[in-house]
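Per TrEMBL, these features apply:
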type	residues	note
BINDING	SER16, HIS74, GLY150, PHE151, GLY152, GLY153, ASP178, GLY179, GLY180, GLY200, SER201	substrate binding site
BINDING	HIS41, ASP43, HIS74, ASP178	divalent metal cation binding site
ACT_SITE	ASP43	active site, proton acceptor
ACT_SITE	ASP178	active site, proton donor
Amino acid sequence: MAFWRELGERVVGGPSILSADFAHLAKDVERTKAGGAEVVHFDVMDNHFVPNLTVGPAVAAALVRATDLPVDAHLQVERPESLVPAFAEAGVASITLQPETALHLHRTLTLIKDSGCEAGVALTPATPPESLRWVAHLLDYVLVMSVEPGFGGQRFIPESVEKVRRVRELYGLPVQADGGITPVTAPRMVRAGAQVLVAGSAVFDGGDPERDMRKLIEAGRSGR
Ligand SMILES: O=C(CO)[C@@H](O)[C@H](O)COP(=O)(O)O
Ligand SMILES: [Co+2]
């Protein structure tokens with residue numbers, strides 16, 4: 001599985017499961033796939049690193065079985081290293097770490113790669129891109145968070161646009177934008193260099209995930 005290495009220059013969209021109906025997760029994901037989604041963003045929260053609690057490797061494994069889209073696990077948990085083997089075993093394509101939680105970031109990124117997954121790091125709004133200097137060679141992508149981690153439906157932080165530009169300048173890696181991404185903010189992030197547009201509320205809250213996924217992708221691509 002090499003979703004990130006095979007992305008090329010394309011701009012793609014992916015649903016954040018956080019705003020989906022957890023009782024009908026596979027169905028919701030398939031509706032976004034019909035709207036053009038190419039990756040599933042799987043938000044994992046532990047009520048320690050963030051004040052919210054979601055789902056873990058067992059649900060990831062069930063979703064991997066139910067969809068042929070690659071699943072990216074966004075780990076917003078303390079001690080992520082202890083969960084890496086279980087998510088790899090669940091069959092996720094990539095694992096995104098919050099560097100604030102990985103005490104030994106180099107070691108945990110290496111563990112992800114050795115487990116056969118692609119590896120990424122999520123920068124919270126206050127974390128500078130420069131902090132990745134000595135682990136950048138281990139990364140397949142960088143996620144720029146345009147909200148504080150923890151919840152869907154928050155307001156987009158506009159400084160994130162410049163941050164995407166900076167990450168691209170420094171590392172040339174694919175950038176995933178996550179948080180407050182809508183048809184209004186997506187083109188700005190794409191113009192700055194983002195390629196993977198993650199959206200939860202903009203895709204699921206309007207009652208038609210297929211239509212709204214398509215709208216988001218089209219809006220994002222118009223930013224090129
Ligand atoms: O990782 C997170 C939040 O911590 C995100 O993936 C959000 O879940 C995206 O939701 P919207 O901002 O698109 O509603
Ligand atoms: Co996320």
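Cβ from N, Cα, C; glycine included.
Taking the features listed in TrEMBL, we show where each one sits on the structure.
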residue : record                             : Cβ contacts under 8 Å, 6 or more apart
SER16   : substrate binding site             : HIS41, ASP43, GLY152, ASP178, VAL198, ALA199, GLY200, VAL203
HIS74   : divalent metal cation binding site : HIS41, PHE42, ASP43, VAL44, THR96, ALA122, LEU143, ASP178
GLY150  : substrate binding site             : MET45, VAL50, PRO51, ASN52, GLN76
GLY180  : substrate binding site             : SER146, VAL147, GLN154, ARG155, PHE156, ILE157
SER201  : substrate binding site             : SER19, GLY152, GLY153
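In this entry, SER16, HIS74, GLY150, PHE151, GLY152, GLY153, ASP178, GLY179, GLY180, GLY200, SER201 make up the residues listed for substrate, with the farthest two CA atoms of the set 17 Å from each other. Less than 6 Å separates the Cβ from ligand 2 in the case of none of the binding-site residues GLY150, GLY152, GLY180, SER201. Shown are the binding-site residues ASP43, ASP178; the one with the most C-beta atoms within 10 angstroms of its own C-beta is ASP178. Within 8 Å of the centroid defined by the CB atoms of HIS41, ASP43, HIS74, ASP178, the record's divalent metal cation site, lie the Cβ atoms of SER16, ILE17, LEU18, PHE42, ASP72, THR96, ALA122, LEU143, VAL198, GLY200, excluding the listed residues themselves. When Cβ atoms from all protein chains are considered, those within 10 Å of GLY152 (substrate binding site) total 21, not counting its own. Excluding SER16, HIS74, GLY150, PHE151, GLY152, GLY153, ASP178, GLY179, GLY180, GLY200, SER201, which define the substrate site, the same chain contributes LEU18, SER19, ASP43, VAL147, GLN154, VAL198, ALA199 within 8 Å (Cβ to the Cβ centroid), listed in sequence order. Following the DSSP three-state reduction, the secondary structure of ASP43 (divalent metal cation binding site) is strand. A coil conformation is recorded for GLY150 (substrate binding site) in the three-state DSSP classification, outside any helix or strand.
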